[in-house]
Amino acid sequence: MNFKILLPICALLTLTTFLLTIIATAGSTSNYKPITNIYIGDADISKINVTKVMPQVGPILTVLGSALTAPNTTVDTIFGALKAIASTEALSPLLHLLSNAANTSATLSSLTQLAPMALLGTNTATTTTFSALDELLTTSKNTTELLDGFSTLMSSMSTNTSSTSASLENTVLTLLVDSTNPIGTTESLITLNNMTTEEKTKLSPVFELFASSKNITATCDALETIMNSTIPTSTVSSLFSSLKTSLAEGGNATETIMQLGSLVPSSLKPAVQAVVTLFDETTSQNVTLSVLSTMIAENITQSSSAKAAMGALTDLLNYTTNQTELLTSVESLALSKEAASSTNQLVALDEILSASANASTVVSIIPTLESQLANNTVLLKYVPYLFSLLAASSDPVSSFSSLVNITKWAETNAATFMPMLKILNSAVNMTTITPEQLKEMTPSILEYLHIPVIYRLSIFTMCRAHLNRTMYSCSKSHAVQNMDFRSIVYNNIEGSDFKPYMDALNIGKDDLHLDGELQDRQHMYVPAVKAALAMNLMCIITSFFLMVFLLLLSRRSVVSQKLWLALGFISCWICIFSGLGSTIFSVILNMMKSGSKKDNYDVIISGSSPFYGLMWSGFVFAVLVFLCIAYCWWSSRKGAAIVEAEKAVQESDSTTSRIIEEHESPIDAEKNFAR
């Protein structure tokens, strides 16, 4: 084919590459129509996994989504009621209550049951009760355990309303108030209370010894030593026989014991000394002898239950600040016939105190709390629902504080609160929605809240679009867009109707759980786009020069081999620039796609067909130009070889003729001359 035809064709194809690259680059750097449809890629968040990205919002959407499944309910119905309180002080506590729901069904059920209490308002007694309960929760280091214990305690109190039961409760609480170690005291009381009636009866002699003691601590230690010693029966018989004789004759029991003590083995010395202490610290040696004789006769000193009881009693005496009161109280508890209910309350108290960071403070709070609840019958019937709500919360302290704030607000804003209450009631009557159902609802919810769901990413701009892909707006052109997906999503949510709810829940940019492959790779995005943009610019520049070069050469009648090589060199670079630019942009897109897929946020990344169509078409045309130039160069080279060969033949023929002429004979020359 004539190169004069091929050169203009190559110029036209180069012009096409030039224009396609310019349009692709301009489309992805501008924000005016119609080239806004040309972009690198877009991110569709219409079905984003909200519960994963914003866990705080998950339970809220579950509640609202469940309400949406009710008959004749629309997004406007649900979120319209929520918008009505968006500017009030009730929004934050309500959202925190729902957000803290570890068990959505239990939370909803409890809230609807507690709603009448909120509408009734509060009085001084209710406020005092709430304050005490709030203080109790604040001191907790394990709120779940504390709530379980307090719930059990209240249940036990409500089922045991006898005066005896109330007296026992007061006795226990008094012991705890006087204790330097409320937890240790409670556990020791549980040990004593778990004993059978027969075992408790056997402890009566012990209390008789304490009643006649001048030093309760010394007496207790001495008894514990005796119980933990093994004394031969013969030694015991000899000891008590001598003591009876000595006391009958008006002698001193202590001296008698000391005389006998010198005759016993060293292993029994501590036990003998303990007996001496008992007689030294008593107000009546005869009473002490009688009690000890009874204890030995009934084998109390060797009883395992008695030994355990003595250990618990010793601990109680060590912890108390009033030993006399303690012994009286423990004796009354031991003689009580309501041991089972008392034990349940003690176990509940132990659970409460163990879950508290300050047991002494809790001990002072519980009597006040019990008293207020016992006297406030209106509030008392809501207590089970209150504990159910707090037990279903991941942060009971925050939930209780939120409930108190809502109660105060609803008291004076019942009309505004009622629509929201209806939504909660409708949600509690519906089956909790599944994650798949929530996913299908997400697009309509995002659209209602005016949150852009399509993000079109170009080189210098970011465009936001509705679900139907009509544009919200585009950013002004500036430096290469950063693929910081967290910032992109957060900034757009900040500009939507969802902002009040974000503020109410104190959700900041760093609270968005968008960590993963996509976010980790964002630092590679800007350098890659810059490199691709540089390739495009180089492609445009070299295409322009090649196009001009081709047009100029098309006017020549002959194109030398060197010029063809120059054309091929330039065309090769155009192919490289165009191919690299297209490849880098494709790699960027696939990088975002794979990152999004691995992160599993249900964000769909897709490329722009017009953009990649323009880029790769430009590359194909550049390759065609290179092939045409290569063909022309090859044809030119072959043509030059033929010309050289013909020239060589002509030169050879000319040389041959000259030689023949030089060797012609003189006769032939004369004949030729004659002619």
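Heads up, residue numbers simply count up from 1 along the chain you see.
Each Cβ is built from the backbone N, Cα and C atoms, and glycine gets one as well.
Predicted, not measured: the structure shown is a model, and the values here were computed from it.
Relative to the membrane, Ala132 and Ser560 are annotated in Swiss-Prot as lying on opposing sides. Take the Cα of Asn286 (N-linked glycosylation site) and measure to each of the glycosylation sites Asn72, Asn358, Asn429: the nearest one is Asn358. Separation of the C-alpha atoms of Asn322 (N-linked glycosylation site) and Asn142 (N-linked glycosylation site): 31 Å, rounded to the nearest whole number. Around the Cβ of Asn429 (N-linked glycosylation site), a 10 Å sphere holds 12 further Cβ atoms from the protein chains shown. For Asn405 (N-linked glycosylation site), the Cβ neighbour count at a 10 Å cut-off comes to 17, with all displayed protein chains included.
Minimal Cβ crowding within 10 Å, among the glycosylation sites Asn72, Asn142, is found at Asn72. The closest partner of Asn228 (N-linked glycosylation site) among the glycosylation sites, by CA position, is Asn299; the full candidate set was Asn72, Asn142, Asn252, Asn299, Asn358.
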